[in-house]
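Reviewing the structure listed below.
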Amino acid sequence: MWLLALCLVGLAGAQRGGGGPGGGAPGGPGLGLGSLGEERFPVVNTAYGRVRGVRRELNNEILGPVVQFLGVPYATPPLGARRFQPPEAPASWPGVRNATTLPPACPQNLHGALPAIMLPVWFTDNLEAAATYVQNQSEDCLYLNLYVPTEDGPLTKKRDEATLNPPDTDIRDSGKKPVMLFLHGGSYMEGTGNMFDGSVLAAYGNVIVVTLNYRLGVLGFLSTGDQAAKGNYGLLDQIQALRWLSENIAHFGGDPERITIFGSGAGASCVNLLILSHHSEGLFQKAIAQSGTAISSWSVNYQPLKYTRLLAAKVGCDREDSTEAVECLRRKSSRELVDQDVQPARYHIAFGPVVDGDVVPDDPEILMQQGEFLNYDMLIGVNQGEGLKFVEDSAESEDGVSASAFDFTVSNFVDNLYGYPEGKDVLRETIKFMYTDWADRDNGEMRRKTLLALFTDHQWVAPAVATAKLHADYQSPVYFYTFYHHCQAEGRPEWADAAHGDELPYVFGVPMVGATDLFPCNFSKNDVMLSAVVMTYWTNFAKTGDPNQPVPQDTKFIHTKPNRFEEVVWSKFNSKEKQYLHIGLKPRVRDNYRANKVAFWLELVPHLHNLHTELFTTTTRLPPYATRWPPRTPGPGTSGTRRPPPPATLPPESDIDLGPRAYDRFPGDSRDYSTELSVTVAVGASLLFLNILAFAALYYKRDRRQELRCRRLSPPGGSGSGVPGGGPLLPTAGRELPPEEELVSLQLKRGGGVGADPAEALRPACPPDYTLALRRAPDDVPLLAPGALTLLPSGLGPPPPPPPPSLHPFGPFPPPPPTATSHNNTLPHPHSTTRV
């Protein structure tokens with residue numbers, strides 16, 4: 001008997017000490033997934049210790065159980081001196097760590113002024129429910145949640161083009177599971193991975209789903225532009241989570257060689273930025289970007305120092321030295337920092353990713369043009385009516401938008417995005433013209449529809465198409481979709497299309513298990529079918545890089561209606577046809593999504609902007625003081641690498657804004673005038689618009705000729721000297737050049753060295769395809785050119801005195817004269833600083 005008792009005690013101890021799934025020594029192989037489903041609280045070993053999960057049954061007979069590991073630490077808590085620092089690997093823990101409850105959310109403020117126009121509709125419509133997920137907040141928040149399937153999925157038919165009725169074939173994947181890491185959105189200010197239960201997606205798609213918390217707002221993205229606080233801590237948190245997965249996911253039955261990152265909104269922007277960062281190289285293989293890119297106006301913060309100053313002043317940390325200011329901010333409580341109301345320019349962000357020369361080494365578009373994302377398969381798309389929140393405030397009634405409200409909204413949109421008064425008049429009228437339905441221009445509902453399309457096209461569609469095209473230009477696999485469905489929920493206007501974030505419940509399989517507090521919809525069988533379709537596409541892509549393979553579309557288990565997606569083959573996006581999949585109840589593969597409007601934003605608007613800047617370079621006026629950082633006397637620690645403020649000359653009396661402007665209406669809007677005057681105004685406006693188009697065409701042709709000339713004259717890049725073309729460095733290191741010689745020297749460097757033609761060096765540089773300035777706020781400081789990185793001194797002092805004007809609005813600025821503490825134009829070490 002005593003021998004039997006000893007044996008039983010030994011078995012129990014073995015189960016507690018690692019005899020369960022993933023048991024054994026840390027770093028050893030985990031056990032099979034089948035054993036995970038046999039225990040109520042399975043234990044898995046990781047490189048840092050053992051964790052105990054919990055087995056959950058799902059409310060659907062076709063879905064197998066899922067083991068959840070909630071609140072697993074992937075980094076050391078960023079407390080004290082670790083605030084405003086990159087994350088570190090977690091410390092090991094003794095015994096078995098309980099991972100059965102959700103972790104705390106990162107500090108955020110849902111009760112302050114929210115950027116509602118940028119947040120998902122389901123979030124803003126259910127703020128009380130969303131608040132329950134972030135009630136438990138802590139700066140110690142760097143945790144992830146893992147959802148591991150316990151079954152390999154049902155038998156299904158294997159796609160066979162040659163067989164009309166293929167037999168049931170076992171294509172279940174019993175090996176290592178693909179891994180899908182979800183990056184939540186929320187304008188980099190709100191949200192948590194706890195809001196998204198990955199159980200249904202894991203069980204239905206036979207993948208391991210992971211969600212995480214990363215630092216948000218000021219704690220995740222504050223930047224001073226120098227070594228004191230480089231920023232991008234939230235992105236570094238995501239990279240650290242990927243490192244943890246690469247090291248540990250095999251213990252949970254996952255495949256570290258098949259990791260896919262996916263996100264929505266700001267999370268999708270993070271996906272794009274991680275694709276472009278060398279820090280994440282080799283940590284994942286595929287990427288899905290839902291309604292977000294790295295080249296939207298809200299994706300990157302181009303003026304972080306401005307908002308850092310504002311925050312520091314609000315909490316009593318306004319110091320001239322940036323190191324002292326950051327140390328002061330470290331001593332403040334997280335709640336005091338998070339609760340400060342620091343409002344960005346409309347359509348922009350106050351705290352978000354910055355171009356630091358390291359994590360984000362250059363402007364995202366420049367990196368994409370250089371082919372920095374060739375190693376990743378990509379799936380990207382948008383929803384039909386992303387800009388719903390932009391329009392709701394302008395919708396005065398159920399009858400739509402009045403003509404005056406339409407004009408005001410467009411004017412406000414242009415005023416907040418473009419910083420030159422003369423150019424805005426041209427852009428404003430051109431945008432109104434393009435987004436007026438001339439067949440039914442007096443219809444308020446049609447005005448509302450076109451206004452919704454305007455915001456959607458500018459903020460989501462055009463950047464997404466540009467990103468997909470840049471990817472496809474390098475023959476890299478990319479799939480594009482448009483989502484045309486949303487669930488029926490109370491409070492949603494009948495005229496609303498699929499808005500920002502409406503695809504998320506279908507991606508996570510919410511219709512299969514019923515409505516939740518965040519998604520209180522009346523889900524129908526069609527919703528269940530569409531969710532199954534989306535999950536199949538997403539998990540197929542995670543498995544093979546092809547959303548069509550290996551699992552075909554088959555939803556006969558839901559209802560007897562045929563699934564139209566069974567006959568659809570999702571084609572790759574290419575630069576010519578630009579194919580995309582229309583995801584809705586009537587799916588179809590089409591090409592050139594909103595091609596006219598996309599070309600308008602990507603081609604015509606940048607040239608109109610260039611036209612203005614070239615015509616008015618000698619008469620640039622100071623933008624409104626409300627959007628400009630006030631000038632100060634230069635301090636001793638101020639860098640000279642920043643764009644100078646415009647000359648402090650007041651505009652002529654006729655240009656001073658004395659009140660609300662009565663913007664010109666479209667011809668025919670002023671019905672109080674006589675017929676003759678109306679005809680005169682109509683003809684005049686038409687001629688004006690034709691002149692604008694003619695000028696735009698002329699300048700476009702001139703720019704194309706100039707671009708071709710630049711390409712012909714540009715020699716192949718060299719690598720020996722660090723100068724484009726491989727020529728020797730210009731002899732300017734020992735002396736300070738006059739401004740004119742500095743400009744010529746810089747243009748000669750870009751043109752190919754000393755041997756280049758000086759006359760050609762004085763020509764404007766070739767502008768980028770998608771003008772960078774159009775994504776910045778009116779008072780944003782532009783980026784330096786690629787390869788022109790310099791370290792900013794440690795100071796939060798006032799801006800420097802203005803250097804001579806640039807030869808081109810998008811060209812580089814002359815480098816500062818060398819000093820005892822200055823650096824060369826190469827990155828001095830792995831951590832460079834923000835270019836502001």
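Any Cβ shown, glycine's included, is placed from N, Cα and C.
Per Swiss-Prot, topological domain 'Extracellular' is recorded for 15-678, and the stated evidence type is sequence analysis. Swiss-Prot lists Cys106-Cys141, Cys317-Cys328, Cys487-Cys521 with the feature disulfide bond, giving experimental evidence as the kind of evidence. The region 'Disordered' annotation in Swiss-Prot covers 623-661, 711-735, 791-836. The feature compositional bias 'Gly residues' is assigned by Swiss-Prot to 717-728.
Taking only the Cα positions, the spacing between Cys317 (disulfide bond) and Cys106 (disulfide bond) is 23 angstrom. In this structure, the disulfide-bonded residues Cys141, Cys521 were compared by how many other Cβ atoms lie within 10 Å of their Cβ, and the smallest count belongs to Cys521.
If you take the Cα of Cys328 (disulfide bond) and the Cα of Cys141 (disulfide bond), they are about 22 angstrom apart, rounded to a whole number. Cα to Cα, Cys487 (disulfide bond) and Cys106 (disulfide bond) are separated by 29 Å.
Around the Cβ of Cys328 (disulfide bond), a 10 Å sphere holds 15 further Cβ atoms from the protein chains shown.
Taken together, the residues in the topological domain 'Extracellular' (15-678) have a mean pLDDT of 83 on the 0 to 100 scale.
The Cβ of Cys106 (disulfide bond) lies under 8 Å from the Cβ of Gln137, Ser138, Glu139, Cys141, Thr192, Asn213, Tyr214, Arg215, Leu216, Leu219, Gly220, each of which sits 6+ residues away along the same chain.
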